[in-house]
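So the structure is just underneath, and the comments pick up after that.
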Amino acid sequence: MKKYLHILPACFLFYAAAHAQQKDTVYVTDFGAVPYSYENCVTQIQAAIDECKRTGAKVLSLPEGRYDIWPEGAIRKEYYISNTSTEQECPSKVKTVGLMLHEIDDLTIEGNGATLMYHGKMTTIALEHCNGVRINNLHIDFERPAGSEIQYRKVTGGETEVTLHRDTRYEIVNGKIRLYGEGWRSNRNHCIEYDPDTESFTYSQGWNTLSASDAREIAPGIVRFNTPAEFMPKAGNTLTVRDIIRDQVGLFILESKNITLSRLQMHYMHGLGIVSQYTENITMDRVKCAPRPDSGRLLAASADMMHFSGCKGKVIIDSCYFAGAQDDPVNVHGTNLRALEKIDAQTLKLRFMHGQSYGFNAYFKGDTVAFVRAATMERFASATVRDVRRISDRIVEVRFDRDIPTSLELNHDCVENMTCTPEVEIRNCYFTRTSTRGTLVTTPRKVVIENNTYYKTGMSAILIEADAEGWYESGPVKDVLIKGNTFIDCAYNGGPGHAVIAIHPSNKIIDAERPVHQNIRIEDNTFRTFDYPVLYAKSTAGLLFRNNTIVRTETFPAVSGNPYVFYLNGCKKAVIEGTVFEGETPRQSIKTENMKRKDLKTTIK
């Protein structure tokens, strides 16, 4: 027995060493990240992330405080990201990534209320090929957001005086104003104007006028312009100005699985927002996309706030808050590629068509696809992917498990990935301060949009498209429930039919016997609206609008010129019943075209 005793200490040391390698929590402060140091800690936090991957730690903890992150020392990596930039707008797809999580499983980043303060133009965090990652209770902001804010202070014929937000950096050069940031200058700008009296976000040419006018600084942060006499903007309104080039994104989740963002606060996102691309099972829990309350800013995103492209499994968005987007707060879709050439009986050459979406993996071996007629948006055949070969950034060759349909029209019809389509739940959210839509969603799987508030979205609060000739984003929906939501004064900037809810597929051939969308139910909602149009529906079968309340307000003057509450085009088996009108009752409630009388059942006379 004694001859084995000398082995025991060695075994104990081995066990202790192995146990040390599997510690549960890693602290960024142990790697030199110091809160409130205002020094660049990108390499220190990245080292802590890498340690989690090496040891299998379950928690990465950031003690409360502010941590500054600069591009210097950050990871640079090429990513092709959906809906971002063309080859001409941004030839390089290399992103500057603040924090990189690559092939990491079962990790919680516990923010403890800490703030990551970014500098320059950066993609704040990237998750690539991760599984079971959770980001919790973290704030993300930029020292100098790429969106500038300029408030009209005094306006007289020929002179306009403005106040620039303290986070907006500017310079007067040769009598003209320039906007710049930390390592960048704003060149190609898009402008949205905010009216605090009406709480509306409208398109504006105000920046074009100011930037072309002679300017002089009369005090720090106050600039006076010599403007045309007819230029008379409203004093107190604010211009939100940002560069149109989407060269970075707010946060990027690529080809990952089981990702949760909880109590994450995104106070500014440059380019595009939180982009989830070909990822399975994503939960957004109490995520807030809005400026810090103490910042005095209006803008939180240059474009979309949450963008889901080609995802699958479940997308759950619960109790989130969206305010200050210059595009859509939530956008869920896939990507249709056009069939260019038949290589052999089972192989097609396909092309990414939209300028801003290309280069990423759109198909994977084993995926089920549908062949889609662009003119009608019909899915007319299916197949399974056997092999994918990248030819160029725009072109891929895909081999299928069966012969390509003989009726496929090359250079017109498309191929849709049906596997990479998610179920979607959007519940208990608040949408406001956007010039565009609140929610865009196209997926053939189940969609529930329930108990949300849409407050003064500039265009339709909810838009359901299906597109194989414009953005090339997805095909028909089959199961959508819109229930228990409140819509308040939406669509003042327009949208399909100026309607609060718009169902607007891109099909050019409208035939009620060949509908695009199916089974859309709109029930128990309240619409408080200044204009008449509530529902615009095109090419939809099984449309139900039941037990909804419509209240006429006087917030804005009616702008649509459309006296109809409901406009149905090419729909089949539509039902409108149980509608309660409060206030003014329109004399002309329903307009139909390209459909038979029997295809609408209604209790409205």
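Backbone N, Cα and C define each Cβ position, glycine as well.
Features reported for this protein in Swiss-Prot:
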| type | residues | note |
| --- | --- | --- |
| SIGNAL | 1-20 | signal peptide |
| REPEAT | 256-278 | repeat 'PbH1 1' |
| REPEAT | 312-334 | repeat 'PbH1 2' |
| REPEAT | 421-443 | repeat 'PbH1 3' |
| REPEAT | 444-466 | repeat 'PbH1 4' |
| REPEAT | 477-507 | repeat 'PbH1 5' |
| REPEAT | 517-547 | repeat 'PbH1 6' |
Dominant neighbour of the repeat 'PbH1 3' (421-443) in 256-278, 312-334, 477-507, 517-547, by Cβ pairs under 8 Å: 312-334
The repeat 'PbH1 1' (256-278), counted residue by residue under DSSP: helix, strand, coil: 0 helix, 15 strand, 8 coil
Residues of the parent chain within Cβ reach of the repeat 'PbH1 1' (256-278), under 8 Å, 6 or more residues beyond its termini: 81-84, 111, 121-124, 127-142, 145-147, 245-250, 284-292, 295, 297, 299-313, 315, 325, 360-362, 364, 420
The repeat 'PbH1 2' (312-334), counted residue by residue under DSSP: helix, strand, coil: 0 helix, 16 strand, 7 coil
